[in-house]
Structures are given as structure tokens and as C-alpha cells.
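Annotation comment: TrEMBL describes 6-26 as transmembrane segment. According to TrEMBL, the feature GTP binding site maps to 185-192, 267-271, 329-332. The domain 'SRP54-type proteins GTP-binding' annotation in TrEMBL covers 350-363.
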Amino acid sequence: MEWLYLVIGLAILALVVVVGGAALLARGRKGAPVEAPPSSTTATDVLAPPVEDDAAGTAVAEPEVVVPTLERPERPASRLVRLRQRLAGSGTLGKGLLGLLSREKLDEDTWEAIEDLLLGADIGVQPTQELVERLRTRLRVEGGEATDVRAVLREELITLVDPTMDRSLHVSGAQGGPGVVLVVGVNGTGKTTTVGKLARILVAEERSVLLAAADTFRAAAADQLGTWGERVGVEVVRGPEGGDPASVAFEAVKDGVERGVDTVVVDTAGRLQNKQGLMDELGKVKRVIEKQAPVSEVLLVLDATTGQNGLIQAKVFSEVVDVTGIALTKLDGSAKGGIVVAVQRQLGVPVKLVGLGEGPDDLAPFDAAAFVDALLG
Ligand SMILES: Nc1nc2c(ncn2[C@@H]2O[C@H](COP(=O)(O)OP(=O)(O)OP(=O)(O)O)[C@@H](O)[C@H]2O)c(=O)[nH]1
């Protein structure tokens, strides 16, 4: 019987050990650290917007606020430095002249070649004859091996371009009113671009500016101006497409007076359909502006690459409005820098600004000596 109690006792013990072990094992599994599932998180997910949680107030994506950053236009004084490189095409004129004038013997053939070179650069007949005459005289009188031909040529070219002309832009108004710059010229000469670039020059000089998109003929012109203005924080007054340009100009100048801005720049369409039409349109624009404030500058935009043809068209404008300054555009693409002399002679007004490229700050105040230095290389 004893062995029976022993077997039962051993069986109970075995049962206790098995059940207890299983319970311990189960407890052990529960307490073990939970292994993370295989992760698909990559570095880019970290930058992804947080997933929205159902619970209110948690992880709501903030809308992105775009703060417009205004550009700081380059100051005008440093722009002329670029004139030298940009006039590379016209450099052939300076180098050609220097080469011919440095010949040992200045015979008639050489003087003829000099004349051809000047005429080819669009300087014009009269100024060419004057320059050749002066060079002949000076080189005959001062001639000799020691003569600095380059210095003589430089002086005479500067005289021809005329350093005595007043090239300052009249952008300030009288009696506290705004200065009004009216920009005119044939389509495609770079008028709208020049207005945009001019706004940047004025902003660089810390002036407050308002633009008037009075070119209501070409809808894109107003958008173009809008883009120029936005970049430097300048507002544009515009009217309905095909609307009256004079009413846009009037509103803009009125606005400018009320807001006390320094300068209002007015872009015009100035379609050259016929002289009478042009006169009526620009005449009206000018008249209505002057009900608010006097026009301080009438800037005629002229494309340097169009040569004599461009000059004839420009002349029509100068007969219609009292042009006070010329903005000569696309001088960078022209080998005919001599047009500066021709245009001043024919229109009797100074070149005040030169366009030297398509970049936003590629408009520079004109300076006779810097221009001649750029020509001579
Ligand atoms: N290379 C060069 N291109 C210029 C210069 N000035 C203007 N342009 C370009 O000339 C083209 C015509 O310029 P716009 O300003 O649209 O001409 P626009 O006279 O206002 O033309 P409309 O509005 O049709 O009267 C554009 O492609 C300008 O980028 C310059 O100085 N150099």
C-alpha cells in the first residue's frame, strides 16, 4: 500500500511542476519587451507633414504662410561698370579707329577708312565730318611720334558725345507733389521693360514709386508691369483692357498726389498709326496728368539696333511731345554705339539712360566719358 501512496504523491508533484512551469512561462512572455514591427520609416518621412489625429486639437497641419521677399535693386552708380563689357560689340569701332590713327602715315585712304568706320557705326554724316576734321587738325599740329593718339581720340569722342549736356533725370515734383515721368516710344523698343527697370533705379535710391499701366492697348503690358512692381514692392495702377490710357494716367497721378509718393512713372502704348492719332493720344495723356501735377520728364525709348529707321520714328514722337531725355535700349546687342551721337544731334535731347541687357538692373545712367572709355576698350 505504501508504494501506492508514493506513486500518487509523485504524480501530484509532477502535475504541480508542469502547471506552475506553464504559468511562469506565460507570465514571462507577457512581460517581455514588445518587439517593434519592421520599420518602414525613412529619413524623408520625418519631413512629411504629421498625420492628422481624430482627436480634436492634435497634430493639425498649419497652412504655409508665404512671406514675399522684396528684391534689393543694384544702386545705379555701380551699373556703369558693366557698360564696358556689354559694349563689346561696339568695341570694334574704338579698336578700328585706334588702329587706323596709329598708322605711320595718315594718307587720304586712311582718312577715308576712318570716315567709313564712323558712318558704319551710325554716328551720322555731319558728326563724322566734324570729328575727322578735328582729328586731322590736331594730329597735324600735335603730330609726331610722341603723340598719344588714344588720348586725342578719347578727348574728341567725348566732345562729340557732349559731356556738357544735363543728363539728370527729373523725377522730383514741385511743391511737394510727385515727379511724373511719361515714357513714350514705338512698340517693341523696350518701353515697358524700361519702365520696370526705372522703377528699380528709383527704389534703389529710396524713392517711393507708383507705376501707371497706361498701355491699355496691349493687355500683357499691364501684367508685365505688375510683375516688375511686385518684385520691388511698387504698386501699379491699371485700367480695363482697351480702356482710355489718359484715364489710367489721371488716376495714377491723382493717387500719387494723395499718397504723397515721390515719383509716378507712366507707361504708354503710343501706337504709331499716324502722327495725328499719336498726337491726340499722347497729347490727351499729358493734358490730363497736368490737371494733377506737371510732367517732370518725358522719356523717349529708342532701340539702338534699329539705326536710322528707328531715328525717323523717334523724331515723330519728339514732334508730338516735348521729349526731355532719351533711354537708348539694347545697346548691348548693337555694334553701332555711334547712334548715341546721332540721336542727340537729331532730336536735340540728351541720352539719359542706356539699356544694356535683359537683366532687371541692366539699365544705367548715361555718362559720356564712361561710354567713350567703353568704346575704346
Ligand atoms: N538685350 C536687350 N533687350 C532689351 C533691352 N530692353 C528691352 N529689351 C527687350 O526687348 C523686348 C521688348 O521689350 P518691351 O518692354 O516688351 O517692349 P515695349 O516697347 O514695351 O513693347 P510694347 O508694349 O509692345 O509697346 C523684351 O524682350 C525686352 O527684354 C536691352 O537694353 N537689351
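Each Cβ is built from the backbone N, Cα and C atoms, and glycine gets one as well.
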Among GLY188, LYS191, THR268, ARG271, the binding-site residues whose C-beta sits under 6 Å from ligand 1: GLY188, LYS191
DSSP-derived class (H/G/I helix, E/B strand, else coil) of THR268 (GTP binding site): strand
Per-state residue totals over the domain 'SRP54-type proteins GTP-binding' (350-363) - DSSP helix, strand, coil: 0 helix, 6 strand, 8 coil
Binding-site residues (GLY185, GLY188), the one with most neighbouring Cβ atoms at 10 Å: GLY185
Around the Cβ of THR268 (GTP binding site), the count of other Cβ atoms that are within 10 Å: 30
Fewest-neighbour residue among binding-site residues, criterion Cβ within 10 Å, set LYS191, ARG271: ARG271
C-beta crowding around LEU331 (GTP binding site), within 10 angstroms: 28
Stretch-averaged pLDDT - the domain 'SRP54-type proteins GTP-binding' (350-363): 93
